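Next up is a structure, given as structure tokens.
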Amino acid sequence: FEEARKWVANDLVFDKNVDVNLFESTIRILGGLLSTYHLSGDSLFLEKAKEIGNRLMPAFKTPSKIPYSDVNIGRGTAHPPRWTSDSTVAEVTSIQLEFRELSRLTGDEKFQKAVDEVMKHVHTLSGKNDGLVPMFINTNSGQFTHLGVYTLGARADSYYEYLLKQWIQGGKKENELLEDYMRAIEGVKKHLLKRSQPKKLTFVGELAHGHFSAKMDHLVCFLPGTLALGAHNGLTADHMKLAEALIETCYQMYAQVETGLSPEIVHFNLHAQKGHKDVEIKPADRHNLLRPETVESLFYMYRFTGDKKYQDWGWEILQNFNKYTRVPTGGYTSINNVQNPSNPEPRDKMESFFLGETLKYMFLLFSDDIDLINLDKYVFNTEAHPLPIWAPA
């Protein structure tokens, strides 16, 4: 920690002519600094958080107040990605926990105001399908674009997670957030839930212009944990039932694969075929990036049920990470092919979320100390950085 602190004090310099992604920088850098400040009490981290927060603010200078995806933190300019004037819905709705906390700590309300405005706007928008949101939103008009496609995977996933978590963070007072969350889960049940063959696994598919696709991103495996967290916070018990069904599915996305590691995307079989498992993997989807979502949900499930099988499943997954992705000289690597145990094709790349999330959730899953980040006192941001739940006023 001392070594890292020294690096932050001397080498973490934000005054650089460089474009960063607003969402990724918020959840990783701002979230990480805020979390470290709370866990250490060291004001250095709050100062750095305030600086990066200020440098990200130009992203909100758009005609609609829906932020641009990219900010130049040195120049103080922001722009949409080169190919479109759209932002991703998940990205603009998954920066709230961090900016709200920054306002609370600094007493400067501009951070919270900017992100609350985004949520209020999205709350009123048309183009939702029973609470499910499209994947893109235009920064000029403030309207959803590419209508008719609904997923809980990439580009939409953490919108749902942050509805619940902002409600929890704020002391369960902001009812619009809760309403949007509850409606969305009903939308999932109505439009996206199906069961596979032969094991009858409950999974979350996608809807494109009225057509159901039995495709599920590994990213969707955040959902059992989120549902369990909601149930723990007094929401309906059937959310916990659904969480239990879905975490079983997410575990099977590992267990039914040759290396015991999940691919990036699976397709579920809706019709029983001789010799076929529930899970089918397309060649383009068979990589594993050391993602955390299943382990994250295992941690929540274990915390709230005490059922040891969730620890066992996590232990199995960790052993397979060790077997197929650990690099002898240090670190772990993404692999290209989870279906080939003799050569999983290492990519020589370890994403920062492996340390920030996957291993952190493993560590917490294997601990029986509920006060090690007590979930009644902290809420995790989507990059596994714990932020305090605000005391009821």
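Cβ atoms here come from the backbone N, Cα and C positions, even for glycine.
Whatever TrEMBL says is automated annotation, not expert-curated.
Pulled from TrEMBL, these are the listed features:
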| type | residues | note |
| --- | --- | --- |
| ACT_SITE | GLU24 | active site, proton donor |
| ACT_SITE | ASP157 | active site |
| ACT_SITE | GLU264 | active site, proton donor |
| ACT_SITE | GLU293 | active site |
| BINDING | THR382 | Ca(2+) binding site |
| DISULFID | CYS221-CYS250 | disulfide bond |
Within 10 Å of each Cβ, count the other Cβ atoms, then let me know which of the active-site residues ASP157, GLU264, GLU293 comes out lowest.
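Checked ASP157, GLU264, GLU293; of these active-site residues, fewest Cβ neighbours within 10 Å: GLU264.
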Work out how many Å separate CYS221 (disulfide bond) and ASP157 (active site) at their Cα atoms, rounded off.
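Approximately 10 Å lies between the Cα of CYS221 (disulfide bond) and that of ASP157 (active site).
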Including all protein chains shown, what's the count of other C-beta atoms within 10 A of the C-beta of CYS221 (disulfide bond)?
29
Just checking the recorded positions GLU24, ASP157, GLU264, GLU293, THR382: which sit within 10 A of CYS250 (disulfide bond), CA to CA?
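Cα filter at 10 Å returns GLU293.
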Between GLU24 (active site, proton donor) and THR382 (Ca(2+) binding site), what is the CA-CA distance rounded to a whole number of Å?
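The Cα atom of GLU24 (active site, proton donor) is 10 Å away from the Cα atom of THR382 (Ca(2+) binding site).
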Between C-alpha atoms, which of these recorded positions comes nearest to GLU264 (active site, proton donor): ASP157, GLU293, THR382?
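Nearest in space to GLU264 (active site, proton donor), counting only the recorded positions, is GLU293.
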Check the recorded positions GLU24, CYS250, THR382 for other C-beta atoms within 10 angstroms of each C-beta and report the one with the most.
CYS250
Give me the CA-CA distance between ASP157 (active site) and GLU293 (active site), in Å, as a whole number.
11
